[in-house]
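**Q** Can you keep this structure in mind? I'll have questions shortly.
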Amino acid sequence: MAAGVEAAAEVAATEPKMEEESGAPCVPSGNGAPVPKGEERPTQNEKRKEKNIKRGGNRFEPYANPTKRYRAFITNIPFDVKWQSLKDLVKEKVGEVTYVELLMDAEGKSRGCAVVEFKMEESMKKAAEVLNKHSLSGRPLKVKEDPDGEHARRAMQKAGRLGSTVFVANLDYKVGWKKLKEVFSMAGVVVRADILEDKDGKSRGIGTVTFEQSIEAVQAISMFNGQLLFDRPMHVKMDERALPKGDFFPPERPQQLPHGLGGIGMGLGPGGQPIDANHLNKGIGMGNLGPAGMGMEGIGFGINKIGGMEGPFGGGMENMGRFGSGMNMGRINEILSNALKRGEIIAKQGGSGAGGSVPGIERMGPGIDRISGAGMERMGAGLGHGMDRVGSEIERMGLVMDRMGSVERMGSGIERMGPLGLDHMASSIERMGQTMERIGSGVERMGAGMGFGLERMAAPIDRVGQTIERMGSGVERMGPAIERMGLSMDRMVPTGMGAGLERMGPVMDRMATGLERMGANNLERMGLERMGANSLERMGLERMGANSLERMGPAMGPALGAGIERMGLAMGGAGGASFDRTIEMERGNFGGSFAGSFGGAGGHAPGVARKACQIFVRNLPFDFTWKMLKDKFNECGHVLYADIKMENGKSKGCGVVKFESPEVAERACRMMNGMKLSGREIDVRIDRNA
């Protein structure tokens with residue numbers, strides 16, 4: 001690898017010599033006779049054109065000679081001086097400036113040094129003469145020519161920073177810059193990829209890849225060093241010689257590797273990210289919601305243990321046994337699960353006839369007879385005891401829901417809920433439909449048993465009604481927040497539910513034939529009339545009223561589903577802990593992890609950057625308006641917002657552009673960074689402060 005670097009240096013050193021030789025008055029011809037300079041020039045120009053075509057193609061190159069960068073390194077800058085003020089000073093004293101970058105520390109504070117790039121070599125030399133020892137806010141500036149970036153590199157090494165460019169050797173000769181960029185894009189955002197070529201425009205088997213961040217360059221070394229590309233092992237290391245534009249990190253960049261640390265291995269989190277153990281058990285408010293947030297598995301945790309369906313919403317009926325010892329639901333779960341499984345197996349084997357082909361379901365009747373007696377009565381008592389606790393908790397829940405301003409952000413995550421689970425639901429319900437056609441005869445026997453049990457539930461339900469009266473005021477206070485949830489859930493329907501619901505249509509028709517066999521006679525035998533008006537009137541439903549229920553709307557299902565598991569435990573007497581963390585919600589932890597992680601695999605833990613949709617553009621022409629900025633960046637994608645930063649009614653030469661998605665913002669950075677507008681090369685990057 002050292003030989004490859006030295007060879008690259010030799011090419012860079014020999015190219016100027018070739019130009020000097022070509023500029024000599026006479027050049028020897030093939031037969032040894034001197035040829036006048038004028039006759040040789042067309043041949044040299046043709047060769048250069050062919051060479052440029054082979055090397056660059058249509059790629060944009062901001063510098064006429066990419067091997068030369070006219071930089072000046074300035075130190076002893078007052079710490080309160082901004083890059084714009086420094087640029088104005090250099091422009092006033094020297095002339096046109098291409099690029100200015102203040103070097104910052106990990107906290108975003110100036111280190112008192114900067115890199116200034118010029119378009120012409122004369123400007124670089126003039127800056128070293130004119131600005132050196134120039135007094136700025138009482139401090140004499142120190143200016144040095146730095147065309148190879150050596151002074152800036154030393155300053156960055158002192159700051160413990162790494163470059164973002166890697167050097168790749170032992171490449172196959174047919175690998176071009178596009179293939180190199182395609183491969184290394186797996187490690188991060190590639191700003192530029194280059195293949196070093198010889199004087200004939202052929203690959204030398206070495207190249208460089210520049211990433212957006214240094215950590216991506218380190219990751220590329222970990223991922224690709226020693227890996228085969230076209231049967232040749234790549235040798236990847238940090239490029240110590242290159243310092244391309246963009247290696248000077250602005251304050252919004254995250255902290256880089258500590259000084260002296262050469263690299264890091266893979267963490268235990270997703271994508272090799274390190275895990276913060278402090279956030280693993282940080283569930284919020286509604287039970288087992290996963291680390292520091294509420295993902296799809298979290299919000300469906302109570303629902304998916306009841307459905308008997310596969311996929312993210314599935315998981316069988318095993319969790320019904322956790323509804324409290326006083327409810328005897330574990331026995332119901334065992335009988336129903338076993339019977340449904342046997343019925344599904346028989347249906348797949350092609351058995352016909354409801355009574356003869358599903359003997360397990362027919363045997364459910366006597367079992368439910370035994371369950372529905374004492375078991376149902378104990379269920380009512382358990383409900384009465386648990387609902388006393390739930391009532392007070394829901395009143396506290398109302399206070400919490402008033403603070404849930406971030407619920408409006410749930411829409412983007414809920415849009416991802418559709419495709420995540422409904423396709424799995426459709427296939428599972430399709431199998432349930434075949435089984436439901438054979439359940440009818442067994443359900444007839446269930447009716448008699450359940451009727452006896454429900455008759456004995458009337459008295460406990462009276463006690464439940466007294467508790468539900470207390471829920472009315474709490475539910476009314478939940479109304480405004482859940483109304484915002486309803487608006488967000490409207491966005492869920494067209495996004496992901498369409499395909500799943502289309503598949504569910506014919507399946508539901510098949511389920512209907514089985515449900516019809518339950519009939520009115522069976523329902524009449526269930527003893528529901530014993531619940532009567534007296535019990536229902538005591539439930540305080542009039543307190544909930546039309547206004548609250550209309551605002552709650554279709555959002556009640558998903559909103560309450562997330563808490564079903566914890567509510568089940570609360571009914572057994574442990575519900576008091578469900579909302580003991582209201583202080584954390586009030587301080588903002590609830591909004592960030594709840595709304596920000598809907599539909600994902602957990603929320604954004606503190607310290608993990610959220611992808612931004614806004615970019616920051618610098619070095620704009622001062623006559624550039626927000627309309628011109630918006631029109632220009634519309635080439636990359638739909639622009640939601642564009643603005644030029646102003647001071648005293650005049651442009652500061654920088655602005656922001658907001659896109660509809662982080663992907664479009666990243667594409668705009670790749671496309672527009674380094675582009676020239678009115679002779680000024682703009683600098684485009686993600687606005688981390690947005």
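Here, residue 1 is simply the first one shown, and the rest follow in order.
Any Cβ shown, glycine's included, is placed from N, Cα and C.
Sharing the features that Swiss-Prot gives for it:
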- Lys37: SUMO2 cross-link (CROSSLNK)
- Lys82: SUMO2 cross-link (CROSSLNK)
- Lys126: SUMO2 cross-link (CROSSLNK)
- Lys142: SUMO2 cross-link (CROSSLNK)
- Lys181: SUMO2 cross-link (CROSSLNK)
- Lys237: SUMO2 cross-link (CROSSLNK)
- Lys305: SUMO2 cross-link (CROSSLNK)
- Lys341: SUMO2 cross-link (CROSSLNK)
- Lys611: SUMO2 cross-link (CROSSLNK)
- Lys627: SUMO2 cross-link (CROSSLNK)
- Lys652: SUMO2 cross-link (CROSSLNK)
- Lys658: SUMO1 cross-link (CROSSLNK)
- Lys658: SUMO2 cross-link (CROSSLNK)
- 70-148: domain 'RRM 1' (DOMAIN)
- 613-689: domain 'RRM 3' (DOMAIN)
- Ala2: N-acetylalanine (MOD_RES)
- Ser29: phosphoserine (MOD_RES)
- Ser85: phosphoserine (MOD_RES)
- Lys133: N6-acetyllysine (MOD_RES)
- Ser164: phosphoserine (MOD_RES)
- Lys237: N6-acetyllysine (MOD_RES)
- Ser325: phosphoserine (MOD_RES)
- Ser392: phosphoserine (MOD_RES)
- Ser412: phosphoserine (MOD_RES)
- Ser428: phosphoserine (MOD_RES)
- Ser535: phosphoserine (MOD_RES)
- Ser548: phosphoserine (MOD_RES)
- Ser578: phosphoserine (MOD_RES)
- Ser593: phosphoserine (MOD_RES)
- Lys632: N6-acetyllysine (MOD_RES)
- Lys658: N6-acetyllysine (MOD_RES)
- Ser661: phosphoserine (MOD_RES)
- 1-63: region 'Disordered' (REGION)
- 360-365: repeat '1' (REPEAT)
- 367-372: repeat '2' (REPEAT)
- 400-405: repeat '6' (REPEAT)
- 406-411: repeat '7' (REPEAT)
- 428-433: repeat '10' (REPEAT)
- 460-465: repeat '14' (REPEAT)
- 467-472: repeat '15' (REPEAT)
- 474-479: repeat '16' (REPEAT)
- 481-486: repeat '17' (REPEAT)
- 488-493: repeat '18' (REPEAT)
- 522-527: repeat '22' (REPEAT)
- 548-553: repeat '26' (REPEAT)
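What's the neighbourhood like for these features in this structure?
**A** Under a cutoff of 8 A between CB atoms, and with a sequence separation of 6+ in the same chain, the neighbours of Lys82 (SUMO2 cross-link) are Leu102.
The Cβ neighbour count for Lys126 (SUMO2 cross-link), using a 10 Å radius and every protein chain shown, is 16.
Around the Cβ of Lys142 (SUMO2 cross-link), 16 further Cβ atoms fall within 10 Å across all displayed protein chains.
DSSP assigns Lys181 (SUMO2 cross-link) to a helix in the three-state reduction. In sequence order, Val190, Ala193, Val209 make up the list of same-chain residues 6 or more apart from Lys181 (SUMO2 cross-link) whose Cβ falls under 8 Å from its Cβ.
Under the three-state DSSP scheme, Lys237 (SUMO2 cross-link) falls in the strand class.
Every protein chain shown contributes to the tally, and the Cβ of Lys627 (SUMO2 cross-link) ends up with 10 other Cβ atoms within 10 Å.
According to DSSP, Lys652 (SUMO2 cross-link) is assigned to a strand segment. Close to Lys652 (SUMO2 cross-link) in the fold, though at least 6 residues off in sequence, lie Gln84, Ile644, Lys645, Met646, each with a CB less than 8 Å from its CB.
Following the DSSP three-state reduction, the secondary structure of Lys658 (SUMO1 cross-link) is strand. Other C-beta atoms found within 10 angstroms of the C-beta of Lys658 (SUMO1 cross-link) number 19, with every protein chain shown included.
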**Q** In Å, rounded, how far does the Cα of Lys142 (SUMO2 cross-link) sit from the Cα of Lys658 (SUMO1 cross-link)?
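**A** Cα of Lys142 (SUMO2 cross-link) to Cα of Lys658 (SUMO1 cross-link) measures 38 Å after rounding.
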**Q** For the domain 'RRM 1' (70-148), how many residues does DSSP put in helix, in strand and in coil?
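**A** Helix, strand and coil residues of the domain 'RRM 1' (70-148) number 21 helix, 29 strand, 29 coil.
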**Q** Could you give the Cα-Cα distance between Lys658 (SUMO1 cross-link) and Lys632 (N6-acetyllysine), in whole Å?
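**A** Rounded to the nearest whole number, the Cα-Cα distance is 13 Å.
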**Q** Measuring CB to CB from Ser661 (phosphoserine), give everything in the same chain under 8 Å that is also at least six residues away in sequence.
**A** Cys613, Gly637
**Q** Please name which of the recorded positions listed here, Ser85, Lys126, Lys133, Ser164, is nearest in space to Lys632 (N6-acetyllysine), Cα against Cα.
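**A** That would be Ser85, the closest of Ser85, Lys126, Lys133, Ser164 to Lys632 (N6-acetyllysine).
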**Q** Determine, to the nearest whole angstrom, how far the Cα atom of Ser85 (phosphoserine) is from the Cα atom of Lys237 (SUMO2 cross-link).
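**A** One finds 37 Å between the Cα atoms of these residues.
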